[in-house]
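Below is one structure, written out as structure tokens; comments come after it.
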Amino acid sequence: MNSECFGLAERLVDRTYVQQAHQAKQSLTNQIRTLLEHRKWPEEGWDEATVELVLRELALMDSNNFPGNCGVGEREARVASGLVDRRHFRLGHGIGRSGDISAIQPKAAGSSLLNRLANIFALDVIKLAGVRAAAACVLVPMATGMGIVLCLLTLRHQRPQAKYVLWPRIDQKSCFKAIKTAGFEAVVIENRLEGDELRTDLAAVEDKLQELGAENVLCVYSTTSCFAPRVPDRLEELAELCKKYDVPHVINNAYGVQSSKCMHLIQQACRVGRVDAFIQSTDKNFMVPVGGSIIAGPDERFIAEVSKMYPGRASASPSIDLFITLMSLGRSGYKKLLAERKEMFQYLSAELSRVAEEKGERLLKTPHNPISMAMSLSGSAAGHVGKDVTQLGAMLFTRCVSGTRVVAPGSDKDIAGHTFKNFGAHHDNYPCAYLTAAAAVGMTKTDVDLFIKRLGKVLGKAKSRSDEREAGCATADEQEDSVESPADTLNCSNER
């Protein structure tokens, strides 16, 4: 309702009451005006009703919601299910055009405006988190792996003769498959074992650049966020090498936005050397459903080329999810989440160290990894037979503990024609088995306490099995191929 409508309403309802309603509506209108005028992520989060009002207003700007609209094309945002229509706030046109995912859609001014705002906020987040050198970003409706593929395909046009991607090893399938999907040959750079940590072998990277010829290398593809005991790559040194040899540099920053240390590494790499793009997941960093990633970089032109590389229009769902979440949190709300995550990292580290010591194990020393940590499984707690070690993850999962990884030596895996020895450990010969846990954004003290409680019980159970074996007895679990009875499995909801 505009001012005229409120004036007419005064003929039907007491003028005082109508004026109160008009003032309230004007306050909301001023909020939206300020948002569009300043194009900044709000400092304080908006309440859900106001965010929903903005989405409804934006939807009214799309042609499919025009009164009397007559659509005769093949793509008119027709939605058969009312439930689906409401789920997407009647924003059915998606984002972008056939030639550029960032382009404005003539039929969808509201969806295009929302997409622009989501990208503006995403860039604000990246700068707030520590990469002030970021000049542009684009939010794409693909998870991190496919976002990396898009970057590699964009680089193909700049370096048509290049066929190799230098990749410091990280044992996660999607990271490696991104190279193969883009049609390039992966040159795996094995990590160096320094104490407990696995770190970048810079000499090996430079040797490969010289051996293969820099002009034949598409890019160096490095990593920040990773499972311990691997730690973030030496980004500054890699960026300097890329600048020296004039080779592009793409960084997998999957869940690194939540870590000031990871973001500082990227900022420094941009400052001292070459960084073309860094890619981060929306779900891992902002607690939204899986399906989106943010491709950012210090060169606006390259990010624009990435946008143009995306074929066709795209789903608006990740943009809607990120817009709603960032508007609801505000800058202050997200900063609070980042601070809480750091506190949880310290708390989890202390508690995991304590339970490790109690069970005759130790927390591996990985000071360069700011998110993930690992506890040794040398035998004291896990039992002396390797099978027990590999079962720990399953035993935790049946107790509603998700996200842990148990890595034991001796598991080789073939991925897209390349055999990784001791897959999962990021190294051919890591000296011990271990269990990982991560303190990611959104983790609570309750999560940590429940994990530590259940881990202690599982490790105790594994130790008792080991003792029975040494006495020459077969456990009931072994007789049933380690399948636990319902009575052995903790009730997740009740334990909370």
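Note: Cβ is positioned from N, Cα and C throughout, glycine not excepted.
Taken verbatim from TrEMBL:
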- ARG75: pyridoxal 5'-phosphate binding site (BINDING)
- ARG97, SER98, GLN105, ARG313: substrate binding site (BINDING)
- ARG271, ARG399, LYS463: tRNA binding site (BINDING)
- LYS284: N6-(pyridoxal phosphate)lysine (MOD_RES)
- 461-496: region 'Disordered' (REGION)
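Checking the recorded positions (ARG75, ARG97, SER98, LYS284, ARG313) against ARG271 (tRNA binding site) with a 10 Å Cα-Cα cut-off leaves nothing.
Same-chain neighbours of the substrate site beyond ARG97, SER98, GLN105, ARG313, judged by a C-beta within 8 angstroms of the site's C-beta center, are, in sequence order, GLY94, ILE95, GLY96, GLY99, ASP100, ALA103, GLY312.
Long-range Cβ proximity for SER98 (substrate binding site), meaning a same-chain Cβ under 8 A and a gap of 6 or more residues, is found for PRO311, GLY312, ARG313. ARG271 (tRNA binding site): 13 other CB atoms within 10 A of its CB, across all protein chains. For the pair formed by ARG399 (tRNA binding site) and the residue listed as 'N6-(pyridoxal phosphate)lysine', distance between Cα atoms is given as 23 Å, rounded to the nearest Å.
Reported as a whole number, the C-alpha separation between GLN105 (substrate binding site) and the residue listed as 'N6-(pyridoxal phosphate)lysine' equals 29 Å. Within 10 Å of the C-beta of ARG399 (tRNA binding site) we count 22 further C-beta atoms, all protein chains included. Take the recorded positions ARG75, LYS284: by the count of other Cβ atoms within 10 Å of each Cβ, the lowest one is ARG75.
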